[in-house]
Structures are given as C-alpha cells and as structure tokens.
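> Input: one structure, supplied below.
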There are 2 protein chains.
Amino acid sequence: MMKEAKRIPVLEVFGPTVQGEGMVIGRKTMFVRTAGCDYSCSWCDSAFTWDGSAKADIRMLTAYEIIEQLKELGGNAFEHVTISGGNPALLPQLGELIDSLHNEEISVALETQGSRWQNWFWSVDELTLSPKPPSSGMLTNWSVLDDIVAKLIAGKSSFCLKTVIFDQADLEYATFVHLRYPNVPFYLQAGNGQLKETEPERMLPYLVERYEWLIGQVMPNPELKRVHVLPQLHTWVWGNKKGV
Amino acid sequence: MMKEAKRIPVLEVFGPTVQGEGMVIGRKTMFVRTAGCDYSCSWCDSAFTWDGSAKADIRMLTAYEIIEQLKELGGNAFEHVTISGGNPALLPQLGELIDSLHNEEISVALETQGSRWQNWFWSVDELTLSPKPPSSGMLTNWSVLDDIVAKLIAGKSSFCLKTVIFDQADLEYATFVHLRYPNVPFYLQAGNGQLKETEPERMLPYLVERYEWLIGQVMPNPELKRVHVLPQLHTWVWGNKKGV
C-alpha cells in the first residue's frame, strides 16, 4: 500500500513578485499562503485565512501539487518561495514541501508568530518570527518564544525577529523583544491601519507618514540600536490588492 | 616624532537615519560621505562630491575626528555606520576609520563602484559593489571588477553587487553582471531620473511607477532569478533632500 501524501491547506499560490517586507525585502519570490491560524490579530491583513470567510477556497494539496502550481505560474523564472499564512507553523506536514523545494534548488522563506515549534524550522532558509504587539489583541507566550529562539540559535538557523508597530505600546513591546533577544536581527515594521482602502493613491501618503513616524521614534532611541526599520513595500506599490 | 594621522576628505556626516537601499536597506545607520570620485555618472545623486560645486565644504578629518562627530550627532543610539561617496575606494587611509569603528563595536557598510581595490575591503561588514550601467555614461573595467570579486570571495567577505536601472540597456548590463558573478547576491535598483524635483509629493508617484516598471521587467526573466529588486526608500520618504 502506498503511503498517502500528507495534504496542506492552501489558500493562495502566486508570483513571481517581490517580497515586500522583512529580512528578504525585495527578493524575487513565489508565495504560498496556508490556511488556519491560532491567532486572530485585530489588524491581520490576511484574516480570510482564519475567519471562515474563505473556507470554501481552501484546497488540500500535496507538496508535489503545490510545486506543480508554482512552476505553472513562475515557469523557470524563480528559485525562491515564501510560505506565509495564517500560521504555517500549525502544519507539521510542511517539512515535506520544504524538502521537496530544496531538492529543486529552491530556497524557502517562512513567517510565523512564534507560538508553535516545528522541527522543519531548522530547514527554512530565512525564518521570520513575528511576535504580535499589544495592538493586535494577542498575548505572547514568552516561554514558547524563548524555546524557539534558543533552538534556532543552537541550530545556527538564519532567522530574524520582526514586530509590527502601530503605537507607543507596540514600541515598548518591540523594545522588550529586542532586549530579550539582543543578538537576533530585529526588524520594526510600520503597521497598516487602512486595510479597507482600495485606492493605492490614497494609501501611499498614509503609509509614508506611518513609516516616517516610526523612523522618528526609533532613531533617537538608544535601546533600539541594532535594528532595521521597514515599511511593507508591496502596500506602497499595490495598496491592499491580493495576489501581488 | 608623532606619526601624523592620515586625514580623510569628508563632505557630510549625518544620521542616525535608515539606510535607504541595497543589502542593508532599513538598517539604522549613520552616514559618512567622502569627497572625490573617479567616475562622473550622468545621473549621480551626489555629484557635489566630485563636480567641484562643494569643494569649499570638504573637511580634512582624522578617523578620530569623524568618530567624535558621529557620536555628537548619534549619541549612544547607533552601532552602524555607512561610508559612501563619491568613491570611498580612492582612499587607502579609510582602513584606519573602519578599524577604529570596529574597536567601538560599530559595524561598517560601504558602497563603491568596484573600479579600485583596497585591502580594507575585507574589513567592511557589508560591502556593496555597484558597477555602473550604460545610462551612467561610464565604462566598466571588467578585469578590475573580476579581481575585486575574486578577492572578496576568497576572503569570505559579506558583499553584494548592485546595479541601478533606468532602461533596457541597463537591464541587459545587469543581466550580464549577474550571470558573470552568479553566486554573489545581486540587487537591481530603480533609478531616480528626477534629481531636480524638490517636492516629495510630486516625486512619489514617479518613483513608485519606476519601481513597478522594474519589477515588471525582472519578474518574468529567467536569467534574473536569484535577485532582489528594490527602490531607494529614502527618496520615497524624503525626495531629494540631503542629510537624511
């Protein structure tokens, strides 16, 4: 009897496009977005992955089927795939997809909030842990995050921490995160509070203002010294449009 | 007799601000801009470093004096310095500044076109080689660039290649560069052809359009697979303003 391939709940496969944020900002990449999340952040830009609104669109795909779709869309023009969610760390079966991509000489970036560990974290080429600040309405489980960070450091993984910032309380949270894990590359990202806006022309001045505000907050702060401050570049170009 | 400290021709010291481009985009950093260049790119955004217009502003500073100025401006809130020009690679005496910064636990990024070698290249934490495409009006000396890339690879340096893109000829040049050095991280950067514009509000739509154009060119291209595509983020926020 053949071993049945473990299926992955997928909501979007798109690209090639540029990664719009974080440690691989600008990188040419394909995206795979998985369904399901253990969080429900107030400002989540992909709430359809967990709020039930796109339940009918979830496709249960094997790693092989996902790679076929990536090739159909990206042809021979990519060698990098970003897995996002939802929270992909809910899916132990992702290890097979990551290994299969590596077998095709494709690198893999992945983002998760750092609420669950998976052994395949060690295989991800660029792993982003994005603990959620107070404005999200979520609570961080520090002992879980401590454990994940310790395992990644022990495994010499290439990873970073990233926190989205909307306000002063978020900045204080980010400072706490950075001081708790001072040797992990740290990214502060200006939050997008205009998720309903459909006109990029109207969004752009708002997003630039938020980014400039965040720069102004971080630059004089001696506790936030070894950091990156970035916007979500894709929203500057495409607003809230999906699939780009 | 005391050994006289070798002085460095400096035109700007500013920050802390964010690095707006390339491999350390978003990084909180201070800037030191040196005077003098062996090139005269048609679209240079810092032509005052070589066209004589700011000759009277050049200050001949020691490494110690530069670090004093950096501390005066950035206080205790930085640990990263970017050295730019002009072409800083014209200055053998920069090695002393880089070593002195390292002694203070400050990392150093540096950008140069790759027309000259200096042994201190090996000491730079993030070195960007930015060979100039046809639109610049400059000609690349490939044997010099080959030699620099080989030395950096042999020295296990952390470095990247970056090319500014204005048009199709620049894209062909960039493809040539990337295929010549396929294992060096490669960044394509949308060019700014509006250096005289003083209103950020007018520049922004132009810059977004140029970035989107570049993304559109690179995404389907199978020869530009393992690449980053980035704008100059600082121009999106501050336009052509200097010192930010």
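If you go along the chain as it appears here, the first residue is 1 and each next one adds 1.
Every residue, even glycine, has its Cβ placed from backbone N, Cα and C.
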> To which of A:GLY86, A:GLY95, A:GLY216 does TrEMBL also attribute binding of S-adenosyl-L-methionine at the site defined by A:TRP43, A:CYS44, A:ASP45, A:SER130, A:PRO131, A:LYS132?
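The one candidate that TrEMBL places in that S-adenosyl-L-methionine site: A:GLY86.
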> Which one, A:SER42, A:SER53, A:SER84, is listed by TrEMBL in the same substrate site as A:VAL18, A:GLN19, A:GLY20, A:ARG33?
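Among the candidates, TrEMBL records only A:SER84 at this substrate site.
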> Would you mind sorting out which of A:VAL18, A:GLN19, A:GLY20, A:SER84, A:SER130, A:PRO131 (the binding-site residues) have a C-alpha within 10 A of the one on A:CYS41 ([4Fe-4S] cluster binding site)?
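Close binding-site residues: none.
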> Using Cβ atoms and a cut-off of under 8 Å, determine which of the binding-site residues A:VAL18, A:ARG33, A:CYS41, A:CYS44, A:SER84, A:LYS132 neighbour chain B, and list them by sequence position, or give 'none'.
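Contact set vs B: A:VAL18.
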> Cβ atoms within 10 Å, counted per site: which of A:GLN19, A:SER46, A:SER84, A:SER130 has the most, among these binding-site residues?
A:GLN19
> In whole Å, how far is A:GLY20 (substrate binding site) from A:LYS132 (S-adenosyl-L-methionine binding site) when you measure between their Cα atoms?
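With distance taken Cα to Cα, A:GLY20 (substrate binding site) is 19 Å from A:LYS132 (S-adenosyl-L-methionine binding site).
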> Using the alpha carbons only, what distance in Å do you get between A:ARG33 (substrate binding site) and A:SER46 (Mg(2+) binding site) once rounded?
9
> May I ask for the distance between A:CYS44 ([4Fe-4S] cluster binding site) and A:SER130 (S-adenosyl-L-methionine binding site), taken between their Cα atoms and rounded to an integer number of Å?
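Cα of A:CYS44 ([4Fe-4S] cluster binding site) to Cα of A:SER130 (S-adenosyl-L-methionine binding site) measures 12 Å after rounding.
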> I want the residues beyond A:CYS37, A:CYS41, A:CYS44 whose C-beta is within 8 angstroms of the mean position of the [4Fe-4S] cluster site's C-beta atoms, in chain order.
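Near the [4Fe-4S] cluster site, the remaining chain residues are A:TYR39, A:SER40, A:SER46, A:ALA47, A:THR49, A:TRP50, A:GLY86, A:LYS132, A:SER136, A:MET138.
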